[in-house]
Each structure stands twice: as C-alpha cells, then as structure tokens.
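J.: Starting off with a structure, shown below.
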Amino acid sequence: MNGSSGLANLHALLAMAGVVAPIFLLIALGFALGRARVFSPEQVRGFGRFVLLVALPALLVSVLARADMSRVLRPDYLLVYTLASLVSFGLGLAWFRTAARTDLPTAAVRAMGMSCSNSAFIGLPVATMVFGAAGAGPFALNTIIENLLMWPVVLILIEVGQSGEHHPGRVVLSVAKNLVRSPMLVGIVIGAGISLSGVHLPEFASRTLGVVAGASAPLALFTIGASLAGVSLHGRRAAIGAIALGKLALHPLLVVLALMVVPIGDPVFRSAAVLLAAVPMLSSFPVLAQRTGDEATCSAALLVTTVISFFTLLVTMALLGLNLA
C-alpha cells in the first residue's frame with residue numbers, strides 16, 4: 001500500500017515537473033545564448049518590446065474576443081488578488097522604510113518586487129500549461145490589477161519621494177496618461193469589446209491573431225533568460241533575500257488568506273490566484289530600479305527569485321493538489 005502510494009506521489013511530482021520544466025528550459029536557453037552573446041542586449045530588448053507591444057496584446061484580443069465575459073470578469077478574483085497584492089506591498093514598504101531605513105522611492109520599488117508578479121512573461125506560460133486556455137482569464141485580470149493599480153501606486157510614490165511633491169495631482173495625471181497607452185490594456189479593452197458586442201472575428205483575423213499570439217510565451221521566456229545573462233549577484237544580500245522571500249512566499253500566502261475571507265467558487269480562478277502570485281516579480285523591476293539607483297540589488301533579486309521559483313512553483317502546485325497526471 002505504501003509502495004503504491006509512493007509511486008503515485010512520484011508520478012504526480014514528475015507530472016508537475018514536466019509542466020514547469022519547459023518553462024525554465026526556455027529561460028535557461030535564453031540565459032545560455034545571452035551569456036554567449038549570440039544576441040546583443042539591444043536585440044534582447046527588441047524581443048521584449050515585441051512581446052509587450054504585439055504578441056501579448058494579440059493574445060489578449062484573441063482569447064477575450066471568444067470568451068464569455070461573465071465568466072472572465074470576476075469581482076471575487078479581483079478583490080482577492082488586489083487585497084493580497086496591496087498588503088504584500090504595504091508590508092514590504094514598511095519593512096524597507098523602518099527596518100532597512102531606505103528612502104521612499106527605493107522602498108517602493110523593492111516592495112513592488114514583493115507584490116507584483118511577472119504575469120506576462122512567466123505567469124501566462126505557467127497558467128496556460130496548467131489550466132489550458134482557461135488560464136488566460138486570470139492572466140487578463142492580473143494585467144488589469146498590475147497596470148491600473150500596482151504600477152501607478154509605485155510610480156506616484158517614486159515621484160513624490162524624489163520631487164518632494166506633497167500634492168501629487170499632477171503626478172497622478174501624468175501616470176494616468178501613460179496608462180491609457182498601455183498596449184496590454186488596449187488589448188483587453190478591444191478583446192472584451194468584441195466579446196460583449198457579439199461580433200465574431202473573420203477566420204483570417206482569428207488565424208492571424210493566433211499565429212502572433214503563439215509567439216508570446218516562448219519568446220517571453222527566452223527574453224527573460226537572455227536579460228538575466230549579464231546580472232551580477234553582488235548587492236545587498238539581506239534586501240535580496242527579503243524581496244525573494246516576500247515574492248515567493250508572502251505574496252501567495254496572503255492570497256490564500258484572502259481566499260479564506262473572500263472565497264472564489266471557480267476552481268481554476270481559485271488555484272490560478274495562488275499560482276500566479278507564486279511566480280517571480282515582473283521583468284521590468286530592475287529597469288524601474290534605475291530611477292532610484294538600486295538596479296544592482298533588484299537585478300540580483302530577480303535572478304535569485306527566478307531560479308528558486310522552479311522549486312517553489314512545484315511546491316505550490318503540490319499544495320494546491322493540481323492533478324496534472
């Protein structure tokens with residue numbers, strides 16, 4: 001009995017590893033080719049821009065245009081994930097401001113690393129491999145939360161901290177202008193609009209979107225690896241550890257606690273909320289840190305978190321009881 005149970009557990013573990021492994025193999029391929037300088041940093045940035053400006057918006061339009069928006073736009077999911085992300089951000093901000101004694105802009109960026117997932121480049125591939133096409137729904141909602149809430153909060157705190165502006169109305173207006181030009185938000189609006197209108201895309205348009213969207217996951221993962229190739233692990237180890245622990249443990253734990261307060265009935269959205277919170281922080285995290293002079297620490301935190309997340313995602317999937325066999 002124990003032997004058969006052990007074999008079943010091993011089979012389940014191998015099944016989960018089989019889901020996660022292709023994701024990290026693509027990241028490793030990008031890292032290896034980046035280290036070998038097969039692609040220049042400018043080319044890697046070009047790949048990333050293609051993903052963010054073309055492939056991901058095409059994916060959002062393609063998926064949402066065919067979706068039942070009453071099943072995708074879930075207030076319970078938005079509330080759970082927003083609460084968990086804001087609490088994780090608030091705890092990180094308080095920690096770095098008080099215990100670590102950093103300035104407000106630096107603390108805000110580091111706290112973002114503890115509370116804002118890389119939904120576009122890692123979260124979506126994980127969600128679609130685990131949940132299939134249904135994983136695009138939670139991803140779209142995460143995109144809304146991250147772009148309409150988390151990014152603006154961090155940008156406002158950076159501007160206020162660096163300019164000393166105590167009435168940040170102009171800062172908020174500037175941030176809002178940038179938000180309306182976000183390609184992924186535009187993709188969400190177009191896709192949702194097509195779905196709600198009842199219009200069906202022509203076959204050639206659907207096929208074209210599908211081809212472009214198909215490039216999003218592999219190219220995004222490759223770009224993540226290539227962009228990490230030049231990262232050094234030198235930096236403030238305590239800060240790196242705190243950011244990694246906050247992102248991979250605190251953020252998903254807070255989602256679990258939020259689910260106890262606001263239950264989500266749909267099992268896919270419920271599991272996806274935890275799983276998407278357990279992926280590393282967004283890839284532009286070190287880029288944003290350049291504004292505060294903290295890019296060395298944040299780049300190292302991104303590298304460490306990405307490597308460790310291979311194992312923490314397996315643990316998260318096992319705890320969620322996802323049946324992938």
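Here the Cβ of each residue, glycine as well, is placed from N, Cα and C on the backbone.
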J.: For the transmembrane segment entry in TrEMBL, name the matching range from 137-157, 179-199.
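T.: Feature transmembrane segment in TrEMBL: residues 179-199.
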J.: Hey, which of 46-65, 77-96, 211-231, 238-262, 300-322 has the most Cβ-Cβ pairs under 8 Å against the transmembrane segment (12-34)?
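T.: Result: 211-231.
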J.: Give the one range among 77-96, 179-199, 211-231, 238-262, 300-322 whose Cβ atoms make the most pairs under 8 Å with those of the transmembrane segment (46-65).
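T.: By the under-8 Å Cβ criterion, the transmembrane segment (46-65) pairs most with 179-199.
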J.: With Cβ-Cβ distances below 8 Å as the criterion, list the same-chain residues six or more beyond the ends of the transmembrane segment (238-262) that contact it, or say none.
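T.: Hits for the transmembrane segment (238-262): 76, 79-81, 83-85, 87-88, 91-92, 95-96, 100, 110-111, 113-115, 117, 270, 273-275, 277-278, 280-281, 297-298, 300-301, 304-305, 308-309, 312, 316.
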